[in-house]
Amino acid sequence: MQDAAGRDRDPAVEVERPRRPELLIITGMSGAGRSTTGKALEDLGWYVVDNLPPQMLEPLAELTARAGLTIPRLAVVVDVRGRTFFAELTGALAALDTRHVSPRVLFLDATDEVLVRRFESVRRPHPLQGDDRIVDGIARERALTGELRARADVVVDSSSFNVHQLGSLVASLFESERDEDLRVTVMSFGFKYGTPADAEHVADVRFIPNPHWEPDLRPLTGQDVPVAEFVLAAEGAGTFIDRYESSLSPVFDGYRRENKRYATVAFGCTGGKHRSVAMAEELGRRLRRDGVPVRVLHRDLGRE
């Protein structure tokens with residue numbers, strides 16, 4: 001057996017085929033948020049090509065599938081500027097199907113009233129209006145894209161969204177495909193050294209009896225089992241950590257919806273050696289159990 005260059009190839013050696021990237025076509029009504037959607041996907045780690053002529057879809061898909069290129073997720077923003085563009089886009093999608101490339105189509109839409117208002121606010125004509133009114137251009141575009149909208153995998157009506165809300169919606173639709181989930185830092189600290197400025201959430205655990213006053217525990221830290229058991233067995237400590245963990249869950253969900261990548265939760269005690277350390281370790285353990293990417297940091301441990 002020979003390779004593409006005519007050289008003999010060992011038939012026992014399997015040549016890995018190039019892995020085709022996931023392909024998403026972003027199209028829809030002008031002014032409905034195609035570019036905003038593309039930018040949101042870029043933030044999620046997609047490789048985005050904006051305003052690509054439809055006839056370039058097939059060559060681009062082939063290029064990114066070549067060995068050595070690492071573009072696992074490709075999004076292409078395509079608009080329809082006339083009957084020719086629409087025919088080229090439908091033809092390109094059909095050609096991709098014959099090559100066993102099955103792109104998803106995301107169609108952006110909005111009401112006529114909203115689209116008119118958006119074009120008027122930026123003082124730009126609709127690409128299909130010509131010498132007519134904006135609403136006439138919108139009507140022409142709707143007639144051209146009706147079939148494409150019907151075959152779309154996802155249709156998003158952006159009428160009630162601003163730019164940030166649309167970006168958040170796109171992120172929620174594709175959040176399982178993100179390169180990074182929300183990453184949480186759980187920190188312990190001592191109040192006598194100051195409250196950490198970068199913590200979104202600060203919990204004061206000085207209500208727990210201080211192991212410092214227990215001779216056997218004083219030289220140990222909250223990372224040691226005897227201290228951790230002492231702290232977690234204290235009256236109110238178990239209830240506190242249960243409720244605190246539960247209160248953070250909807251907060252973290254909200255952060256993910258807002259595309260926030262990092263969060264810091266801090267526990268403080270007097271010196272940052274016993275109680276705060278034990279509680280930080282416990283919350284970190286629970287978050288890991290729930291699949292949350294987390295690191296535990298003890299800011300002031302060892303300062304005494």
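Positions of Cβ are set from backbone N, Cα and C atoms, glycine also.
Quantities reported herein were computed from a predicted structural model and do not represent experimental measurements.
What Swiss-Prot lists as ATP binding site is G28, M29, S30, G31, A32, G33, R34, S35. Here G33 (ATP binding site) comes close to L108, A110, V156, S158, F161, V163, L166: these same-chain residues lie at least six apart in sequence, with C-beta atoms under 8 angstroms from its C-beta.
Listed in sequence order, T27, S30, R34, N51, F85, P127 are the same-chain residues six or more apart from D79 (GTP binding site) with CB atoms under 8 A from its CB. Classification of D79 (GTP binding site) by DSSP places it in coil, neither helical nor stranded. The GTP binding site annotation in Swiss-Prot covers D79, V80, R81, G82 and rests on sequence analysis.
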Whole-number Å value for how far V80 (GTP binding site) lies from G28 (ATP binding site) (Cα to Cα): 8
Output field, ATP shell: CB within 8 Å of site CB centroid, site G28, M29, S30, G31, A32, G33, R34, S35 dropped: D79, L108, A110, S158
From binding-site residues M29, G31, A32, S35, the one whose Cα lies nearest V80 (GTP binding site): M29
Neighbourhood of M29 (ATP binding site), C-beta criterion under 8 angstroms, separation at least six: L108, D109, A110, L115, I138, E141, R142, T145
